[in-house]
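Down below is the structure, laid out as structure tokens.
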Amino acid sequence: MKFFQYKASLAAVAASLALVACGNVSKVHSDGTTDEPVWPNVERVNHHNDMGTFPNLESLKEVKAGMTKDQLYYLLGRPHFGEGIIAVREWDYLFHFHTPGQGTNDVTTCQFKVLFDRDVYTRSFFWKPVDPASAACPPGSGPQRYTVASDALFAFDQATLSQNGRQRISGLANELRSFDELNEVVVYGHTDRLGSDAYNMGLSQRRAEAVRQLLVQEGVPSHLIRAQGLGKNQPVVQCENANRNELVACLAPNRRVEVTVNGSGLVK
């Protein structure tokens, strides 16, 4: 009886090892690449109370091709989805990032996948946004858009920044100066549909230039910033109010300045 129990135990262990050995979700080639990364269900995360982690951003920057599992483990910790220990050449993580003004409750969540080659060195890296689904992962890796209502920057029908407007743009400049890498900043001016096309185009251009000039005065390199007026061509709301005062109020979201930032950092 004990003999059969022992054989059964060995069979169970063998089956467990076989499952562990099949820890790869994607089809990983010998050079550590894949034609199609396959992502584990985020509900299967089993690290840190099934919630994933907030990674150390400095450690994350150090991850690169050619690292051993021990080196990766030192930087990011163990993988989050129970990948196993035998013949595993794929590690998956669930990371959360503090992103004030973006994501859910100011947090953006991403999946991070690392593939190893046949010699078990890191070779390929993939990101997938989880929440929000349209997020740039990791945060700050894609163009970011900072939008502020023109009414908060300028007096009605004017292109000179108000005191409040200068404070808002100065705060933005301070954040841009803190970027690890800043590649391009584009300032877009928008107006509502009231007035002629030519007038609105000119007003939007002057407002975009005013924001650009202050960013330069606040230390953002001038050669990285360009200003473009788009007039009334890209409205975000449509209004049909007959009363002019109500119409002006309804169209307020169309009167705005958008600053698109491409670089390594985060606009809060």
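We number each residue from 1, going along the chain as drawn.
A Cβ is built for glycine as well, from the same backbone N, Cα and C atoms used for every other residue.
Automated prediction, rather than curation, is the source of TrEMBL annotations.
Record features, source TrEMBL:
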SIGNAL    1-23  signal peptide
DOMAIN    141-265  domain 'OmpA-like'
Practice item. Let me know the model's mean pLDDT on the domain 'OmpA-like' (141-265). Key: 91
Revision key, fill the gap. Secondary structure of the domain 'OmpA-like' (141-265) by DSSP, residue by residue, totals 52 helix, 32 strand, 41 coil
